[in-house]
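S.K.: Have a look at the structure that comes next, please.
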């Protein structure tokens, strides 16, 4: 968890603790500083716990963690109660009602959900809480390993959070950013259930906005305030019940009547999409977040492919640099210095605040993968995992697969333009002027393509378009575009056409053993007639029944690979 998410997480914990204390002044959120796998076997015995209640989590790591804790609890004679509440429907039940397969479209998700039943309404919050029992600490602390420290570059000081199991004063205090060694966060956003419920109430009061909301029509360039609800981080941290969100909106929609929007574009549709990704992950397991071993993810021979652990088959935090150009493009993309102001503004907004509009995320993802750089979607997913406030493993991987056209969506010839798509929403370039201040005085005629500005116009705006943005960029400069987008788009689309023709998926033995290269040798292919993209209109719209097509292909071909003509 990085700095910005730590900031929001601590907000949520402190707000929850305050809410508990309001119900019972003797109580609060009691925080113990140790990994649950080693803590609970000791804690359950020392505190004479009879029941352990927690929410089901279908993320791969969480399943392993919770399994260890549940087994330890049962061995100690503790009754374990697990409830589903992170999603609208229990993801495992969705999978069970979809023949054990992942839901790869909203159609499939809703078909399975119909068999599960209506989305449960949330239960009322408690009005009182009992006094806490005895909490002796007559057992040793096992300090979790800090290797590798994924937050090392962010810390300004040493992490002292684990100096004692109950905090520096022994009062089970919530840790602070200072204890964690972090500086103050840069995001303007704050966390906590109190803020979440207030924001939800304000949204629901605007009945027309709530009932007629259509996400594709909201602007990715709008900020302060943003054009969408910005409630997703609260869902991630458990500070807002997804079912509370759903029913507050659905009640408004039903009362509004004619003219209300419907899924997938509606507000409730966004929550259903979220459930779709969670259910897909629940079915596939740990390999849902990667290509290798994932039977529902198309194999594309991207640049900068992930390295895999030979024992587990899971990707590591390392990747192969198979192209110096692609590596440089990736580094420029992740730092927001591509030379394409729309892309750079979005990336810098993400780095600074932890949030960008979904169409902004789509622009970044398409540009890095099939629409420019041809870099492995797993590289982009890793960057988003680090910086997004609302990061969910299932949604992050699912969205990257969608935008890279490796799963869920297949119209790879539709690309987001880094120029015209932004212009569609923000002709003056206000988002660019906010996050790329080097260009704030540039004429709107050139704000999306500053390299086209004559030297005299650059001088007038106080900026020179030079360099690559890496290293120590001279003040008053903005980098040149890192490639000709039109040519790169054509190259990517042609490569995607070839990969689709080969027809490999992540679980194919030829993908896993590396012999896939033989299938791509000498393949040129003809350029698609639809190579010219629009400005992003319909660039990711669709409801592809990928799962059904994949199953049919397996049944017909036996090996899941489209047969090639000799």
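Positions of Cβ are set from backbone N, Cα and C atoms, glycine also.
Note that TrEMBL annotation is computational and uncurated.
Quick paste of what TrEMBL says about this protein:
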- 228, 229, 230, 231, 232: FAD binding site (BINDING)
- 532-546: compositional bias 'Acidic residues' (COMPBIAS)
- 555-566: compositional bias 'Basic and acidic residues' (COMPBIAS)
- 1-88: domain 'Photolyase/cryptochrome alpha/beta' (DOMAIN)
- 528-566: region 'Disordered' (REGION)
S.K.: How do the residues of the domain 'Photolyase/cryptochrome alpha/beta' (1-88) split into helix, strand and coil according to DSSP?
M.R.: 48 helix, 10 strand, 30 coil
S.K.: Among 230, 231, all listed as binding-site residues, which has the most CB atoms within 10 Å of its CB?
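M.R.: Max Cβ neighbours within 10 Å, all protein chains included: 231.
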S.K.: Other than 228, 229, 230, 231, 232 themselves, what residues in this chain have Cβ atoms within 8 Å of the centroid of the FAD site's Cβ atoms?
M.R.: 199, 226, 233
S.K.: Any idea what DSSP makes of residue 228 (FAD binding site), helix, strand or coil?
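M.R.: It is coil.
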S.K.: Find the average pLDDT over the domain 'Photolyase/cryptochrome alpha/beta' (1-88) in the predicted model and report it.
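M.R.: So the average pLDDT across the domain 'Photolyase/cryptochrome alpha/beta' (1-88) works out to 96.
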S.K.: Counting every protein chain present, what is the number of Cβ atoms, excluding its own, within 10 Å of the Cβ of residue 228 (FAD binding site)?
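M.R.: If we count other Cβ atoms within 10 Å of residue 228 (FAD binding site), we arrive at 20.
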S.K.: Does anything in the same chain, at least 6 positions from residue 232 (FAD binding site), have a Cβ under 8 Å from its Cβ, and if so what?
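M.R.: Counting only residues 6 or more apart in sequence, the Cβ neighbours of residue 232 (FAD binding site) under 8 Å are 389, 390.
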